[in-house]
Amino acid sequence: AEMAARPSEPRLVSLPLSRIRVIMKSSPEVSSINQDALFLTAKATELFVQYLASYSYKHGRGKEKNALTYTDLSHTAEECETFQFLADILPKKILASKYLKMLEKEKRDGEVGEDDDEDEEEENEDK
């Protein structure tokens with residue numbers, strides 16, 4: 001008989017297993033998920049998030065403010081080799097105006113080359 005966790009007992013994992021199952025099943029390579037694999041994935045994810053948070057807190061400005069900030073997390077993703085794979089997920093915050101200027105610059109810099117290529121492709125398709 002499977003033991004159900006009583007409300008007074010601490011849960012072994014905090015993350016919702018049903019959500020983790022859905023995420024795991026979203027991968028085309030995954031056909032079935034063993035309960036142990038599901039639990040271990042949840043626990044490993046939880047420990048990873050705790051490690052990321054505590055590392056970011058210790059190495060960021062969180063200690064000064066007694067709080068963990070997004071900036072602390074993005075700084076960790078940028079500076080720490082272990083977490084660099086998160087850089088796209090935790091980008092540094094920039095002002096919208098600065099971002100729009102960057103987009104405008106990319107558009108200006110890229111337009112000349114891109115338009116030329118598109119014109120050539122269209123000409124080739126017509127022939």
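Cβ atoms here come from the backbone N, Cα and C positions, even for glycine.
Taking DSSP states H, G and I as helix and E and B as strand, the domain 'Transcription factor CBF/NF-Y/archaeal histone' (14-75) has 44 helix, 0 strand, 18 coil. The domain 'Transcription factor CBF/NF-Y/archaeal histone' annotation in TrEMBL covers 14-75.
Positions annotated as region 'Disordered' by TrEMBL: 106-127.
TrEMBL lists 112-127 with the feature compositional bias 'Acidic residues'.
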Summarise the model confidence on the domain 'Transcription factor CBF/NF-Y/archaeal histone' (14-75) as a single mean pLDDT, whole number.
90
